[in-house]
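All remarks here apply to the structure that follows.
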Amino acid sequence: MSVAASASRSASTLCSPQIQQGALKEAKVPPHIWAARHWNLGLRLVPGHASVRAGILVLLIFLPSTLCDLGSVYDSSYETVIPERLPGQGSDDPGGKVSYVLLMQGQKQLLHLEVKGHYSERNFPVYSYHHGILGQEVPLLSQACHYEGHIEGVPGSFVSVSICSGLRGVLIKEETAYGIEPLLFSTDFEHILYTMAHQPVVLCNVTPTDSLGDSSQRQGSSKTDELLALSDLWSHAKYVEMFVVVNHQRFQMWGSDVNTTVQAVVDIIALANSFTRGINTEVVLVGLEIWTEGDPIEVPVDLQATLRNFNLWRQEKLMGRVRHDVAHLIVGHRPGANEGQAFLDGACSGGFAAAVEAFHHEDVLLFAALMAHELGHNLGIRHDRPGCTCGPKHLCLMHETISKTSGFSNCSSDHFLRFLHDHRGACLLDRPWHQSHKRRDAHCGNGVVEESEECDCGNACDSHPCCEPTCTLKVGAQCSEGLCCYKCTFKKKGTLCRPAEDVCDLPEYCNGITGECPANSYMQDGTQCDRIYYCSGGLCKNPDKQCARIYGYPARSAPEECYISVNTKANRFGNCGHPTSANLKYEACSNEDIFCGKLVCTDVRYLPQVKPLHSLLQIPYGDDWCWSMDAYNVTDIPDYGDVQGGTYCAPKKVCMESICTGHATLQYDCHPQEMCHGNGVCNNFKHCHCDAGFSPPDCSSGGNGGSVDSGPVGKPADRNLSLFGVGESPDSRMEDEEINLKVVVLVVPIFLIVLLCCLMLIAYLWSEVQEAVSPGSSSTTSSSESESD
C-alpha cells in the first residue's frame, strides 16, 4: 500500500496555461499592450498586439525523461476530532507500537500504528546562505516520530502520520484519503480531519535518453565484493541516499523559515517511502540545502532547462561536498507544461543523478507521489504500459496519470530489477546510518564553514585577514564573516545589524559574542498596519504600496471600476485563476474576489523596466489610465502582477489564492495587551518584541526594547551610532564623530575671532580714511573763499 502526506490546505495546480487573448471590448479607446522586445532588455517599451511576441528556444543538452503535469486538488469537508491514545503503549513499548481511537464521521475508529525506520541520516547537514555565505547547521529532529499502520476492521486501509506534536499525516479508508493535523493552540488535543478529494493529478510524457554513457562511470562499479547475485538483488534491502535542494521561492512559501522547511522536507521523505517500500527500497535524506537568499542558478519555467542548470550546479558545487545517489531540486513556481523532470537511469551516476519537481501548491500527498515517480525514473523505471497492474488499482504510480493512493506496478518492478542487474546496484546496497561516516568529513578550503571548522576562506586565504588556510581563526581574531563581525572582531553588543525594512519588519542586533546577526524576525502575520491593512511575511500588504513598488510614486491601487473591468475578463491580464489544463480557460473573478486577481494601478507616471515575456496592459479610465501586468513565463516570483496573498480586500478580509477570505486565515493569535502587557507586538516566533523602555520576554519591566529573538538592543544613545554598514565599525564611527566635533569646536571660534578682527580692521581703516579726507576739504574751501575776497 502506498500513500503520502496530508496537506494543511490544498490548491489548484497549473498545467500549461493557454494564453487567452482579448482586451476590454467596451473601452472606447482601444487598450495598449506593451511588451519587452526580446533583443532589447532595456527600459524602452514598444506597443504590440494582445499576444506577446516570443520565440521559444529549445536547447536540449541531455534529454530528461519525464514531462509531468498536475491537475487540481481541493478539500471537500472537514471535522474536528480528538484522538485518544490507548494507555500502556508508545515509546516505552519495545516494539514501538501505539494505538489511537478517534471519531470519524460519527463512528469510532481504532488506528494501530508502528514506528518506522529513520528516513534521514543522523545529524544530516543543512546548508543555507547568510549574506552570500554558505553555512552549515545540524537540525534538531526527533528520530522516532513517523508511524504507519492501518484502521482496524477496514480492509485496504492505511495510515501514515507523525505523532511527536499531535497527529499529522494521512489516512486512507475505503478509497478515500483523509488529512489530519493538530489544531493550533488547542488545549483539548483537537485535530482537523478533512477529506482530500482530487481529480486525476499527474500527466507525464516519457522521453528516453541515451546520453548517460557506459556503466563504468557509475558509482561503486569497482566494488565487486559488494555485488550480489541477481536472485538476491530483489530481496536485499536497498537504500537511495537523496540530497534535497529547496529553491528560494519554495522557501518563501514555507514562510522563509529554515526550521519549517527542514521539517517539511523530512515529512515528504518519510511519505515518499510509503511508495518506494513497494520495491523494497528506502529513501534516506543525507543532506539539505536551502536557497535562502535567492537561486544561484537560473530556474526557468521550462523544468527541462531547470534540470540541466541544476545538474551542472550539482556537479560543480555539491558532488565534492556531500555524497549522494540522487539529488532532487524542489521549486515553488508554476511550471509551463511540466511538473517534473528526471534523468532516466540517472541514480548512482556521477553525471546524471538529478531530478526537479514543482511544488507550487500545498498538497503534500500529491507532491510525495510526484517525487517518488521522478525517483522511479532515476532508478530506470519507465511509464507503465497497458497490462501493467498494481492490485485492484486502475492507475499505478508510474502511469502517465498518477494516482497518489497507488503504488508501483509489476512492470515497474521489472524495470527496477533490470536497472539493478545492468548497473549491479552497488550504490544502493549500503545502509547509510550504519556507516562509520554519516557524511563526508569537513573539507577545508571549499568555502563552507562546516563542523569542526572555525572559518573557511576557500581560495582567498592568502589575503584573508581573519582566517588561516587550516580553517582556523588567526591569532587574535574572534570571527571571520558575518554582519556582526568587523575586522576580525565581534561588533559591540546592541549594534544594529539588520534594520527594519517595512512597518511590519523588526530590527535585529548583535549580541557581542558571535559574528552572525540573529535570524530575521518580523511582526506576526495578521498584525494590523496602516490602519486597515495586515502584516504578512514582514510586509504591510497595502495594494497602494504594491503599485508604488512596481510603477514608482505616485502610483496607487486603481478604483473599483478598473478592477471590475480588468478582473472579470478571464484573460491573462485579468483573472482569479490560471487554467488547470490546456483546454481550460482563465477564471473570471466574482464580485467578492474582484480585488484578489490581477493588481490594477493608476496614477502611473513611470513604467517599470519590463523583463522578457512581461507585458503591460493600459486601459482608459476617465482622464487617466489603469494598468495591469502579466508576468507570463517568468518565475522569479509567482506573478509580479498578481495581488499578493494577505492583501486587504474587504473589511476584516484578505486575499489568499485569489479568494477574498476572512483574515483568520493568517492565523493571528497574539494578544499583545496580555502577552506583552500592552508594551510590544508579537513576532513571527510568537514572542513579544517590546517597545523602547521595556524588556523581553513579556515587556513588563524596564529595558531597551527588542525580543528574545532580536538580540540585545543597545541603549538609546547608542542606537544612532549603530546605523552603519558591514564595513564600518561602531568604534570607528564614534571616533570619526569625536574628531568632527573637535574640529567644529576649534575651527568655529577661530573663524569668528578672525572675522571679528577683520571687521575691526576694516572699521579702523575706514575711520582713518574719513579723518584724512575731512581736513583737506576744509582747507580747500578756505582757500577758495580767500581768493574770492
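Keep in mind that glycine also has a Cβ here, set from the backbone N, Cα and C atoms.
Glu374 (active site) falls within a helical segment according to DSSP. Taken from Swiss-Prot, the feature active site covers Glu374.
Other C-beta atoms found within 10 angstroms of the C-beta of Cys427 (disulfide bond) number 25, with every protein chain shown included. Residues or ranges marked as disulfide bond in Swiss-Prot (evidence: similarity to another entry): Cys348-Cys427 (among others).
Applying an 8 A CB threshold to same-chain residues 6+ apart, the list for Cys388 (disulfide bond) reads Cys396, Met398, His399, Ser409, Asn410, Cys411, Ser412. Swiss-Prot lists Cys388-Cys411 (among others) with the feature disulfide bond, giving similarity to another entry as the kind of evidence.
The secondary structure of Cys390 (disulfide bond), as reduced to three states from DSSP, is extended strand. Counting only same-chain residues six or more apart in sequence, the Cβ atoms lying under 8 angstroms from the Cβ of Cys390 (disulfide bond) belong to Gly278, Cys396, Leu397, Ser406, Gly407, Phe408, Ser409, Asn410. What Swiss-Prot records for Cys390-Cys396 (among others) is disulfide bond.
DSSP gives Cys517 (disulfide bond) a coil state; it is part of no helix or strand. Around the Cβ of Cys517 (disulfide bond), the same chain contributes His130, Gly482, Leu483, Cys484, Cys497, Arg498, Glu508, Cys510, Gly711, each under 8 angstroms and 6 or more positions distant in sequence. Sequence annotations record features per position, and here Swiss-Prot assigns disulfide bond to Cys497-Cys517 (among others).
Annotation for Cys670 (disulfide bond): same-chain Cβ neighbours under 8 Å, separated by at least 6 residues, are Gln524, Gly526, Thr527, Val681, Cys682, Lys686. Annotation source Swiss-Prot lists disulfide bond at Cys670-Cys682 (among others), citing sequence analysis.
Cys688 (disulfide bond) carries a strand DSSP state (E or B). Taking Cβ-Cβ distances under 8 Å and a sequence separation of 6 or more, the neighbours of Cys688 (disulfide bond) in its chain are Pro672, Met675, Cys676, Gly680, Val681, Cys682, Pro696, Pro697, Asp698, Cys699, Ser707. The annotation disulfide bond is assigned in Swiss-Prot to Cys676-Cys688 (among others) on the grounds of sequence analysis.
Residue environment of Cys690 (disulfide bond) contains 28 other Cβ atoms, counted within 10 Å of its Cβ in all protein chains. Here Swiss-Prot flags Cys690-Cys699 (among others) as disulfide bond, drawing on sequence analysis.
According to Swiss-Prot, the feature domain 'Peptidase M12B' maps to 238-432, an assignment based on sequence analysis.
Neighbours of Asn259 (N-linked glycosylation site), defined as other CB atoms within 10 A of its CB across all chains, total 16. Following the DSSP three-state reduction, the secondary structure of Asn259 (N-linked glycosylation site) is helix. Feature annotation from Swiss-Prot assigns N-linked glycosylation site to Asn259 (among others).
Within 10 Å of the Cβ of Asn410 (N-linked glycosylation site) there are 13 other Cβ atoms, across all protein chains. DSSP classifies Asn410 (N-linked glycosylation site) as helix under the three-state reduction. The N-linked glycosylation site feature in Swiss-Prot is assigned to Asn410 (among others).
Marked as N-linked glycosylation site by Swiss-Prot: Asn633 (among others).
Summarising the annotation, Swiss-Prot assigns N-linked glycosylation site to Asn720 (among others).
For 1-68, the entry in Swiss-Prot reads signal peptide, with the evidence type sequence analysis.
As annotated by Swiss-Prot, topological domain 'Cytoplasmic' applies to 764-789.
Taken from Swiss-Prot, the feature transmembrane segment covers 743-763.
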**Report entry** Count of other CB atoms lying within 10 Å of the CB belonging to Cys497 (disulfide bond)
**Finding:** 24
**Report entry** By Cα-Cα distance, the member of recorded positions Asn259, Glu374, Cys690 nearest Cys348 (disulfide bond)
**Finding:** Glu374
Query raised in the report: Using C-alpha atoms, which one of the recorded positions Asn259, Glu374, Cys427 comes nearest to Cys690 (disulfide bond)?
Result: Asn259
Query - Lowest local Cβ density among Cys348, Cys396, Cys411, Cys676, which the record lists as disulfide-bonded residues, within 10 Å - result: Cys411
Requested in this report: Give the number of CB atoms, excluding that of Glu374 (active site) itself, located within 10 Å of its CB.
Outcome: 28
Query raised in the report: How long is the line from the C-alpha of Cys427 (disulfide bond) to the C-alpha of Asn259 (N-linked glycosylation site), rounded to the nearest angstrom?
Result: 30
Query raised in the report: Cα-Cα separation of Glu374 (active site) and Asn259 (N-linked glycosylation site), in Å?
Result: 26
